[in-house]
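Below is one structure; the comments refer to it alone.
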Amino acid sequence: MTDKTYKIAVLPGDGIGPEVMAQAHKVLDAIEKKHAIHFEREEHDVGGIAIDNHGCPLPQSTVTACEESDAVLFGSVGGPKWEHLPPNDQPERGALLPLRKHFQLFCNLRPAQIHSGLEAFSPLRADISGRGFDIVVVRELTGGIYFGQPKGREGEGANEKAYDTEIYHRFEIERIAKIAFESARLRRKKVCSIDKANVLQSSILWREVVEEIAKDYPDVELSHMYIDNATMQLIKDPAQFDVMLCSNIFGDIISDECAMITGSMGMLPSASLNESKFGLYEPAGGSAPDIAGKNIANPVAQILSAALMLRYSLGEEAAAQDIENAVSQALAAGELTADLAGDKPALSTAEMGDKIAQYILNS
């Protein structure tokens, strides 16, 4: 039987991006050996390195490569070297935002969990974190108050005012809700939709549409929660949640709260998808220029981003689970990079990649 072939645009970027991406390559190599899958991978410049080599943070050659691929595996962009540039020309705003817009990536998926053996890194009490924390935040990324019109400032003195507009169309809510329910089917089959339907008209529509979509997923349990209560419940009893479905602004808040509960940004992957399930996959953390090139960065977020790519864009669930299980095995065995090791011996970035790849091959 011939291997299935997928074309992946690999954009390592700046800072720790290239060294953690090298570990994702090792893991994908291991997946190729274990499964009947082949990845055609091409690396392209993005962010600061693209400014240096091409004069802009997102060269057309990189965009074209992404268009011709099944998915994009993204590292990180930015650093002090480019901070003097006008904001729209800096790596972050000049690369990531245009990519999201070009590919109409309306859905952001942010998994967050406390891995076995790492409970001490969570700021939650041990009796709370010990009950488990394993959540996916499904955030609508292109609508809502960040993009709604009108927005602006006018007037002066005591009458000066500023305004933003929260707008959601039915189709925007329908498509994000479907992804939340489909994600829940791959997990524990629970969706909690976050809104403010006791106050906001946009949230009333949100709740109505989510309930309509839920009828197509009778195997998934739907609940609703107001955003203010949700932020409290995440601290009080995070184990109750599985998939949290959020508007843009509420998802922005909730996903960062979930990240802090885990205790390590170096562990958190992220996916941004469009309607055809084409996706951009990246670590939730930044480019960490202060530790770049030192071989000490935690590559787990980049590796888990590759697992999300396999699950959501390529439909290779077994391979995705192999990566996630290998990460869990390494962490449970106390194989940790410097950000987690404390006073124990730490693995280098490259050693961590080697360990996880080996666990995949041994499974």
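The backbone N, Cα and C atoms fix where each Cβ goes, glycine too.
Database features (Swiss-Prot):
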| type | residues | note |
| --- | --- | --- |
| BINDING | 79-92, 286-298 | NAD(+) binding site |
| BINDING | R100, R110, R139, D228 | substrate binding site |
| BINDING | D228, D252, D256 | Mg(2+) binding site |
| SITE | Y146 | site 'Important for catalysis' |
| SITE | K196 | site 'Important for catalysis' |
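Overlay of Swiss-Prot feature records on the structure.
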{"residue": "G79", "record": "NAD(+) binding site", "contacts (Cβ under 8 Å, 6+ apart)": "D14, G15, G48, P91, S287, P289, A292"}
{"residue": "E83", "record": "NAD(+) binding site", "contacts (Cβ under 8 Å, 6+ apart)": "Q90"}
{"residue": "P87", "record": "NAD(+) binding site", "contacts (Cβ under 8 Å, 6+ apart)": "R93"}
{"residue": "K196", "record": "site 'Important for catalysis'", "contacts (Cβ under 8 Å, 6+ apart)": "S203, Y226, I227, D228, F250"}
{"residue": "D252", "record": "Mg(2+) binding site", "contacts (Cβ under 8 Å, 6+ apart)": "R139"}
{"residue": "A288", "record": "NAD(+) binding site", "contacts (Cβ under 8 Å, 6+ apart)": "G15, I16, S76, A297"}
{"residue": "I296", "record": "NAD(+) binding site", "contacts (Cβ under 8 Å, 6+ apart)": "T337, A338, D339, A346, S348, T349"}
Statement: Check: min Cα-Cα distance from D256 (Mg(2+) binding site) over recorded positions R100, R110, Y146 goes to R110
Message: Using the CB centroid of D228, D252, D256 as the Mg(2+) site centre, which other residues of the same chain sit with their CB within 8 A?
response: I227, T231, I249, F250, G251, I253, I254, S255, E257
Message: By a 10 A CB contact count over all chains shown, which of the binding-site residues listed here is most packed: R100, R110, R139?
response: R139
- line: Rounded Cα distance in angstrom between R100 (substrate binding site) and Y146 (site 'Important for catalysis') is 14
Query: Counting every protein chain present, what is the number of Cβ atoms, excluding its own, within 10 Å of the Cβ of Y146 (site 'Important for catalysis')?
result: 14
Around the Cβ of P91 (NAD(+) binding site), the count of other Cβ atoms that are within 10 Å: 27
- prompt: Got a sec? Which of these binding-site residues, D228, D256, has the most Cβ atoms within 10 Å?
  reply: D256
Statement: CA pair Y146 (site 'Important for catalysis') / R110 (substrate binding site), Å rounded to integer, equals 19
Task: Using all protein chains in view, find how many other C-beta atoms are within 10 Å of the C-beta of A292 (NAD(+) binding site).
output: 19
